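A quick write-up on the structure given underneath.
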């Protein structure tokens, strides 16, 4: 079992943790989150980005992690970036707790997400279904109020 965690911080009140667990290289990965400080009753995009570099804030993380050269999509789509996690929903206080299982995100192997950045976005991810070219790259999810590098957890 490999476990990892990203501690989310940024230039906003958004903060939290996202944890990852993968039993072995052939297993799906469980992604769990506890994120606070978002807008109430909203859907916010979150993605794994290419780089674990936050020297200039969350913008240094680069584009979505996309080792297979696909277009942006929903987590359940066959064609999507490895880093496409979709949206999480917030409650009346702007908080969100949840988990999902993902078949593309890996902690073990050549396409591991360890050392990359988990970014929470300021807008809703359109899951690549928008009319613009940007939809196929980013899901039009907007600014990056919080992020954290994915590191090995105890």
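Numbering starts at 1 and runs along the chain as it is shown here.
The backbone N, Cα and C atoms fix where each Cβ goes, glycine too.
When Swiss-Prot is compared with the stretches 103-123, 124-144, the one noted as region 'Disordered' is 124-144. Just one of 64, 72 is listed by Swiss-Prot for the same Cu cation site as 47, 49, 121, and that one is 64. Residue pair residue 147 (disulfide bond) / residue 81 (Zn(2+) binding site) shows a Cα separation of 18 Å.
Put simply, of the binding-site residues 47, 72, 81, 84, the one whose Cα is nearest the Cα of residue 58 (disulfide bond) is 47. Take the mean position of the Cβ atoms of 47, 49, 64, 121, the recorded Cu cation site; other residues of that chain with a Cβ within 8 Å of it are 45, 46, 48, 61, 63, 65, 83, 84, 85, 119, 138, 141, 144.
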